[in-house]
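TrEMBL has this to say about the protein:
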- Cys890: active site (ACT_SITE)
- Cys17, Cys20, Cys78, His82: Zn(2+) binding site (BINDING)
- 363-373: compositional bias 'Acidic residues' (COMPBIAS)
- 380-392: compositional bias 'Basic residues' (COMPBIAS)
- 774-784: compositional bias 'Basic residues' (COMPBIAS)
- 310-356: domain 'CXXC-type' (DOMAIN)
- 419-544: domain 'BAH' (DOMAIN)
- 636-764: domain 'BAH' (DOMAIN)
- 363-393: region 'Disordered' (REGION)
- 759-794: region 'Disordered' (REGION)
Amino acid sequence: MARAKTVVNSKTHPPKCIQCGQYLDDPDLKYGQHPPDAVDEPQMLTNEKLSIFDANESGFESYEALPQHKLTCFSVYCKHGHLCPIDTGLIEKNIELFFSGSAKPIYDDDPSLEGGVNGKNLGPINEWWITGFDGGEKALIGFSTSFAEYILMDPSPEYAPIFGLMQEKIYISKIVVEFLQSNSDSTYEDLINKIETTVPPSGLNLNRFTEDSLLRHAQFVVEQVESYDEAGDSDEQPIFLTPCMRDLIKLAGVTLGQRRAQARRQTIRHSTREKDRGPTKATTTKLVYQIFDTFFAEQIEKDDREDKENAFKRRRCGVCEVCQQPECGKCKACKDMVKFGGSGRSKQACQERRCPNMAMKEADDDEEVDDNIPEMPSPKKMHQGKKKKQNKNRISWVGEAVKTDGKKSYYKKVCIDAETLEVGDCVSVIPDDSSKPLYLARVTALWEDSSNGQMFHAHWFCAGTDTVLGATSDPLELFLVDECEDMQLSYIHSKVKVIYKAPSENWAMEGGMDPESLLEGDDGKTYFYQLWYDQDYARFESPPKTQPTEDNKFKFCVSCARLAEMRQKEIPRVLEQLEDLDSRVLYYSATKNGILYRVGDGVYLPPEAFTFNIKLSSPVKRPRKEPVDEDLYPEHYRKYSDYIKGSNLDAPEPYRIGRIKEIFCPKKSNGRPNETDIKIRVNKFYRPENTHKSTPASYHADINLLYWSDEEAVVDFKAVQGRCTVEYGEDLPECVQVYSMGGPNRFYFLEAYNAKSKSFEDPPNHARSPGNKGKGKGKGKGKPKSQACEPSEPEIEIKLPKLRTLDVFSGCGGLSEGFHQAGISDTLWAIEMWDPAAQAFRLNNPGSTVFTEDCNILLKLVMAGETTNSRGQRLPQKGDVEMLCGGPPCQGFSGMNRFNSRTYSKFKNSLVVSFLSYCDYYRPRFFLLENVRNFVSFKRSMVLKLTLRCLVRMGYQCTFGVLQAGQYGVAQTRRRAIILAAAPGEKLPLFPEPLHVFAPRACQLSVVVDDKKFVSNITRLSSGPFRTITVRDTMSDLPEVRNGASALEISYNGEPQSWFQRQLRGAQYQPILRDHICKDMSALVAARMRHIPLAPGSDWRDLPNIEVRLSDGTMARKLRYTHHDRKNGRSSSGALRGVCSCVEAGKACDPAARQFNTLIPWCLPHTGNRHNHWAGLYGRLEWDGFFSTTVTNPEPMGKQGRVLHPEQHRVVSVRECARSQGFPDTYRLFGNILDKHRQVGNAVPPPLAKAIGLEIKLCMLAKARESASAKIKEEEAAKD
């Protein structure tokens, strides 16, 4: 075949073919070769081997449908003879493509040349099409010309690589659609896992599918998914809105809604047999079902109405091709439109015009958490503020005054509008703003005074709608709050009845039964309450038990008493005067926030409380940026921000620690001590990093090691943040490790530090004896020697039995592991449907019964009275479970921002609802629900509200909060939503105070619900007892391994280097390092990892643009920059920076601009401008930083792209991920490498679970002590 002369367009650089757009200098550019004896198309079609008609027969012209033939050994080329792909949009742009090959009859399945008719310059091709998978793994692809249709068989040898890519993308789209049908809530990393673990069919001549394969074909894959969605029911959630598809669309820069009108014939038909129908129907108790049903009946109607009103406003981007199409006039939505003769009631968009961009935006909006929480004002208290003109005729006192106190005369009863009220009655109160509902209050005192007239003291009730429950609350349920005020009697509207509904005696055994109505009938004047509510922390607790004394019955207010008690606790006070000196008075102890501090005690102080006598060089700042060679590193210009994700540069310092030497008050001018200005003199303790050895010293030392110093500082007592124990290590009765593990806030020292001489010395005697308490003069009575944390009253020795625990959705057991470490639970049962995780749970908890069935089926069995399941495993019965914990997955309803009838039915069948039904049936003493941070924001916080509403209706005390795992001792940012509940009679745990300082950006833990900001009870907001844990602490001791390392057991090759490593290795008899294995990345990805520099903050933007020979022998290409990027301009050398026409003003993406097999991934500069330059993808971890949230599959281009080892050219290993979660090295995982990564990534970090467990333990201890002391009092009373 003669080669046509190629015209080069001088304006393009580098030169391209004006027909097919391929680069003329591309070494892979090939020319088509015609088969021997090839003829033109009309001549070929009339060959007797193919033709149904003879050329002379009259029937040929009247043949209606085009004839169909098979085509083998084919090649496709442009006018200039360059071999071309058919699927890059050339045919749609009306570029003429021709083909050659051997045509065979339609019934011939033999792909050889035998029996075929050779043709050349066939075409041009009018359209190409895919007819679906012909019952196997290969899709049937065809061409149409003006004369015939051809179904393709085997390509010619020179065309095989091009056609192979097309088959690859079709097969990948098949994998993706089938995967999404049954995995509707999967992440991008899950999808990559599926792609990489699928073995390619033999016909594709491929060894493996990679992430690059998916990104290369992303546009086509997404179009196939869109087409699949179009074929589905209009009320089904589109599968292109799943998290993994949204991430793929962003990463690959896919254009949505493109070419759908023309591309109908390029849609692969997929079977729908595996369509994800969600979990089995949720098994619910009557109580849980009733709450969801009654609330949603009204809410769904309201939301659907709003949705319809806003449908047109919200559902159009107006730019994509779908938006610009006319209405079809045929679909259900069109037929309802007025212009097509319908009623116009449904207000739905035409099915052909459902904008994919707006659907994506809505789904993304719901996923994002707004960390820029505005400063919300506290909710307005119920103060009236104005005096009301009194109508004396309405109000008259009944009886004589019971007490006169100064100007006030107190009464027991009053008559208002002929209705008698007495102290203790409840009333409705008229608000100043008539648009507001009536307030409700209990009258706790009645009096008259000369200035304000007739008054009462109102202890307010809080309506359910004013709590975090909002509209989900029972309209008749009220909550006690610590809020009260004096009001004029004329504000009273009428008397109401408020009943206290105490939990029944048999509460724990009533679970799962038909719930009793809490109030019979609604007469408009009867309400009830069960719980007290804390408005700042959103805590529902059992009502306080404060009782009035005989002498204050006529004016006793629980709220006043509690508020006064809290204020008294908060006020700093000095106790036990020791000595009166000239300018100050010394004391032995002081109290603040209910904590007693004595001379000799260790105290936490804020980092600014004092400085050290040694000046350390300022922390290492980032080195100044050196100019780089922009031709070699063309993407480096995108690194203009100094902020590095996962860096600890902004992490605060831990608390300063001092030992109280003196407590004193300076004297006022009148010679009396100023007891409002309490000071303490402390001896400073140095931490290892505060000495001249600086930060590296802290890395090898125990985290609670200090150095004594004789340096002193005087600090305001108000600044004290808490109490700690500091002991001299040699004086301890047990070893330092046992002492440190024996309780919280424990530190020790072995040496003193002398800052002047920069030397470590033996501590002086006075440092060793914390019992030396003051000089014993003045008013001091001879004080007994006291340990630093001696409690104020004798302890009752209590042995706590462990809670019998059921862990639902247990995964490999992170939550249970933490609770075991806290010593509070014995996990007797676990439910986990995914078998590898269930096996891992069994390995680590050999005494547990692990169920691998659907939790709904198990609950159904128990509720039906069964004692065993189908496998003969014993089921826990009512009364068996004392603690219920778990993290229900939120499939199906996490992607859309509001409920409608479809998403509601998914939620009603969700595992959250099943989990709440478990709680209602078993009625455990404690309940914990753990979930992603977004759990508290899903559906405008509706999921959170309904969860709390169910717990309140059951009678539980409950609260919610967001915790950062990094603050509890792991080198990882991981925010988790936690809902805690405690049964009536128990104490509701507080959230644990942070133990470690952590990067402030990752510690935004407040939550906004209905425009009100909620925080948890945590007070350590700016510092903490211990330094942050780093990547170096986590994994610096692990031996070096290579990409794809697969040895399951190896030796450590060395001792642990840090405190954290010593904790995780534990005391193994013969240490074996398990699961230090890492994913085997493709040759191209391995080359990219090798070229990422080792400096902190390095990522894909530091890749050189070079050709590289890969480990499989192929070459990675240089990335070509072909367009002027209007946003970023040109490089310093004048080079272009754009890789696609979409960077030029007003232009769409060009499918032919995609480049493959380049060291710098083409898709990242393509979409970088709109995605923060993809900062962190292919990023290395920083030794002194922390991990991003540990994911289920470490992918360099996944959501958490910083997954490369700080120094080795590989992704992090399974063991390194497990350590980032805080799992001990002895903790066993099960399955293949991706199974193990998933088990680790889905787990709750055990150190976080342990911290929560210790808070539960404190509540159990407090209750046990109360019971024990009550028993002692009873026994003493019986003796009397």
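From the backbone N, Cα and C atoms, a Cβ is placed for every residue, glycine too.
Curation plays no part in TrEMBL annotations; they are all automatic predictions.
Where TrEMBL records a feature, it is marked here on the structure.
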| residue | record | Cβ neighbours (10 Å) |
| --- | --- | --- |
| Cys17 | Zn(2+) binding site | 22 |
| Cys20 | Zn(2+) binding site | 22 |
| Cys78 | Zn(2+) binding site | 23 |
| His82 | Zn(2+) binding site | 22 |
| Cys890 | active site | 19 |
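In the domain 'BAH' (419-544), helix, strand and coil residues by DSSP number 12 helix, 63 strand, 51 coil.
Surrounding the centroid of the Cβ atoms of Cys17, Cys20, Cys78, His82, where the record places Zn(2+), the chain contributes additional residues within 8 Å, namely Gln19, Gly21, Gln22, Tyr77, Lys79, His80, Gly81, Cys84. Helix, strand and coil counts under DSSP for the domain 'BAH' (636-764) come to 24 helix, 52 strand, 53 coil.
Cys17 (Zn(2+) binding site) sits 51 Å from Cys890 (active site), taking the C-alpha atoms as the reference points. Cα separation, Cys890 (active site) to Cys78 (Zn(2+) binding site), rounded: 51 Å. For the recorded site, Cys78 (Zn(2+) binding site), the DSSP three-state label reads coil. Confidence for the domain 'CXXC-type' (310-356), expressed as mean pLDDT, is 68.
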